[in-house]
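Student: Below you'll find the structure I mean.
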Amino acid sequence: MERDYPLEKVRNFGIIAHIDAGKTTTSERILYYTGMTHKIGEVHEGETVTDWMEQERERGITITAAAITCFWNKTDVSKSKENFVRFNIIDTPGHIDFTVEVKRSLRVLDGAVVVFDGVAGVEPQSETNWRYADEAQVPRICFINKLDRTGASFERSYKSILDRLNSKAVRMQIPVGLEDEFEGVIDLLKMKMFMFEGEMGSNVIESDIPEKYQAEAKQYHNELVERIVENDEKLMNEYLEGKEIPMEILKKTLRKAVIANEIFPVYAGSALKNKGVQLVLDAVVDYLPAPSDLPPVKGIDPRNGEEVTRGPSDKEPFAALAFKLQADPFVGQLTFFRVYSGSVEAGSYIYNATTGTKERVGRMVRLQADQREEVKKVFAGEIAAMVGLKDTKTSHTLCDEANPIVLEEIKFPEPVISLRIEPKTKADQEKMGMALKKLSDEDPTFRISTDEETMETIISGMGELHLEIIVDRMKREFNVDANVGKPQVAYKETITRESEAEHKYIKQTGGRGQYGHVKIRIKPIDKNVDLEDLPKNVKRKDHHFEFINSIKGGVVPQEFIPPVEKGIIEAMDRGVQAGYKMVDISSELYDGSYHDVDSSEIAFKIAASQAFQEAARKAGPVILEPIMKVEIVTPEQFMGDVTGNLSSKRAQIEGMGERGMLKVVTAKVPLSEMFGYTTSLRSMTEGRASSTMEFDHYDIVPQNVALTIIESRK
Ligand code: GDP
């Protein structure tokens, strides 16, 4: 079976935005123009195609990243089969509690359209998402939306992109009119004006630039051409010699620059008023990369640990990344995957290189706006979903068993908030365990644990809303009713200096005795060392845990080393101050002794655990707390109240600025001070200020606060 779309005619992209910037509306328009839907569901009616989960509809935010396939025929070429391009659009949420979704989709996307609110310009989550996209080196097109709104300004929003995101952004268009009078756009490369007429603005009408815009357009056109030719020395010279550069060459050079993250083109429009979206889609085809434009992906051969690569070609062995598990009401569990090389057929067996197990692929589907298309074979560069996988989770690599490869895992942030959850009835009890497991399989930032003393279930996640939605889904999808406790901050513990301790565990009570003896040294982990550069006897998992075995001459026999490590891990999980998990510690086993008859695994585990606790108490232990980055937008008259209130919350105010008529305050504030903040801000400002918050880093809790925390845990 041959592929139906050449690799060059595939675009895998996502639409990323700060919440409310218009991502859903833009996606809706895209599905309309690409001919997949003919009825536009307005957001407030809860009928959007991409938001197909119940509570997403209610909350009006998109939680899950569904991949949707559609086809686009550019506005400036003839409508024929060979001109169609296949879009696989990955929907990403704007709300910061779900950045995990943004991160995971960025991993499998080749490009992104970043949507901005034309009144607010760059907002906090645009910044966070932009940073993630930088890390993933994803080429981007910017779309300044909502230019029809009162107070909209293309220039101000464009400047906020240049100032706060990247100075390599460049105007591709300017709006014709603004606010109520926003009519269309001027394309600064083609030097034409575009209007959008007919039903849903589906007729794109090209005409000459009106007199009054000509001077401005000419100036920006020159700036744009200069920015493009800068990327090619030969072109630059021709340009400086005054030669006319053909349009095709300019577009080709621009395409290369966008793919290299050297230029971020900026477009203008209003999704709601049906203006500009089609031209953004043309730009996706013209400037965002096809899978074939990308370098081969890197991975590790699990048989020998060596680096291997896979190029974007059907001829290479099959390699794919599972990036999302989603329960589908019609076909069951879907595993969304992106193929990097080779192809996969329905009904075949594949190898999960992450777990080392074989899986049978049942059916495969591609989600379209209103249907699930069954597919027999999925080729390199494509995105689709498998039905029927059993043991594959987010971030696992699927591949050809004879040519195994493990692709780099998607890294997820650690949860910062947790709460106790208790089933309402006996019947709920059994279902709850299963429901929580299913939900945590889907979402790697959602964790389940048990309080060992009370045996209560604790769930942890990225924010209050995140956990609220989990509890909500449990009720709806699994029919489990539960009582939940108050959200608690996920504190951690660590040490601040080096220390050593020795413990001898001996028991002589008739029969066989117990004997375990260890000396260990602990210190804060040096995070500046690259994981690859560590010596052989150092074992490090991320930067939170390190174990060094420097035993010489078998003074502690090899078989007792793993129990020592286990004893340390258990002690770290229990903490030494307030019962919170200890992190970022390097533990070294450097001496000890054993007894021929009495030594056992358990004796060494206990000895190590005791020694670790003793060492940790001497190593300047501290409690760590999550610090949040908070942004508050408020009318000037409430500035004093807002900042005064922040100061009472141990906040560090980092900046004050302006956004249109409003003031913007940014601060770093401990999460423990921020519960219920949205409500108190509302009452403080007559409901006129708004705030956003996201996790920034963990920091040491001040002494007096630490004492209260320790006291409360007794
Ligand atoms: P999302 O949260 O980024 O998905 O944003 P939505 O698409 O849900 O839009 C948020 C709100 O802004 C909704 O009430 C939309 O109707 C409105 N909106 C979206 N695009 C535009 C636009 O171009 N102009 C105006 N005036 N409102 C818009």
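Backbone N, Cα and C atoms are what each Cβ position is placed from, and that goes for glycine too.
Relevant sequence annotations retrieved from TrEMBL are reproduced here:
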DOMAIN    8-292  domain 'Tr-type G'
BINDING   17-24, 91-95, 145-148  GTP binding site
Student: For ligand 1, which among the binding-site residues Ala17, Asp20, Thr92, Leu147 have a CB under 6 Å from it?
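Tutor: If the test is a Cβ under 6 Å from any atom of ligand 1, the answer is Ala17, Asp20.
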Student: When DSSP states are folded down to helix, strand and coil, where does Asp20 (GTP binding site) land?
Tutor: coil
Student: Across all the protein chains here, work out how many other Cβ atoms are within 10 Å of the Cβ of Thr92 (GTP binding site).
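Tutor: Total other Cβ atoms inside 10 Å, all chains included: 26.
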Student: Return the average pLDDT for the domain 'Tr-type G' (8-292) as a whole number.
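Tutor: Looking only at the domain 'Tr-type G' (8-292), pLDDT averages out to 85.
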Student: At a 10 Å cut-off from the C-beta of Asp20 (GTP binding site), count the other C-beta atoms across all protein chains.
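Tutor: The Cβ of Asp20 (GTP binding site) has 19 Cβ neighbours within 10 Å.
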